[in-house]
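Summarising the annotation, Swiss-Prot assigns active site, phosphoserine intermediate to 104. Here Swiss-Prot flags 104, 244, 246, 248 as Mg(2+) binding site. Annotated phosphoserine per Swiss-Prot: 104, in sequence order.
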């Protein structure tokens, strides 16, 4: 069976791999599968559809919606809105599913189609495979109703207001007295940030909130926070917040222009939650890519951590399974389960500002306990990435390095999820040490697996 779904929905270059024809088929198959499980059989199935600001978004949305309508599904078109807004509104509207058309932080030529179930969570592997089986079927045997059996579509701009009200209501007090610079990445947050931060009574300046269909994520946003860093210093602001194209990430900048990544944000929010007696099991959930500096800071401040595989989906799964209420990734996906079930950049941002206001501390002071260890990552081309652990010499090289580190560094070796690469990463006290450690392991990988560096 063809694997259409990646770690975050179906992605590709818009109008090529991700064509309008594919979007139509995803509407039919995905809509059909997701609405077969609805609890109330007496009403028509309802699906929410939204998109980010990419030029290809309208084309793919129209094709996707046509597919949904063709199997008798009612559609609420939310227009341009963030991914976490879709996840929230599914539950508020009592919808059977939600679909976001976005490639998140990727370049403008890319796009993606991301599905959420009736519970507002991303789909399980089993559900994705059910959709993939229908996509691969030699013949489309899904229903083709006529006349009154067809679905209808309604625009629903009110969704944005409901979502912004939800965000504002997660705070007990306003954020007056804070001067913040906001970078909308020319993406889905562009039309929302001014409303929210005005309602919360901040003093704010904005950049990258004028999308033209082509400038999403272009040298701005959470993957390029350097522009915001300069903007914060120019404006003399207390803090800057950079979002990504679909609004599920947030990277901050302190008053000196220093970047405060997802690791530091999780530490700041987790520490404050602990001080308020709200950090469940005194634990923060991270992925294996979080910096050793975060783990050292958590331990020094009486907190524990749980590590998952890379991807916010794995973080959410661990949080649901064991009852934790904060987790995330270095990239700025932060999940605050007390309020929402998915990463939400604006939710993260306003709660970071709330900690600044409640503690009276500057962001640089709040982030200071997390001292990043120098990190080096080398990708090595290999023929059989999944079986690297079968080579005892590689494991021996890792053991030797870890013994030298004596707890003051770490090694992570893992296969790439999409390419024939083995990723060798290490963190240590100094740049020289980390380079030596990585090179030691990479040399053995090349020797044992007959590979060459990409």
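Every residue, even glycine, has its Cβ placed from backbone N, Cα and C.
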What does DSSP assign residue 248 (Mg(2+) binding site), in three states? coil
How many Å separate the Cα atoms of residue 104 (active site, phosphoserine intermediate) and residue 246 (Mg(2+) binding site)? 5
State the count of C-beta atoms found within 10 angstroms of the C-beta of residue 248 (Mg(2+) binding site), not counting that atom itself. 34
Which residues in the same chain, at least 6 apart in sequence, have a Cβ under 8 Å from the Cβ of residue 246 (Mg(2+) binding site)? 52, 82, 83, 100, 102, 103, 104, 105, 187, 188
List the residues in the vicinity of the Mg(2+) site, defined as same-chain residues other than 104, 244, 246, 248 with C-beta within 8 angstroms of the site's C-beta centre. 52, 82, 83, 102, 105, 187, 188, 222, 243, 245, 247, 249, 345
For the residue listed as 'active site, phosphoserine intermediate', what is the secondary structure state per DSSP, taken as helix, strand or coil? coil
Lowest local Cβ density (other Cβ within 10 Å) among recorded positions: 104, 244: 104
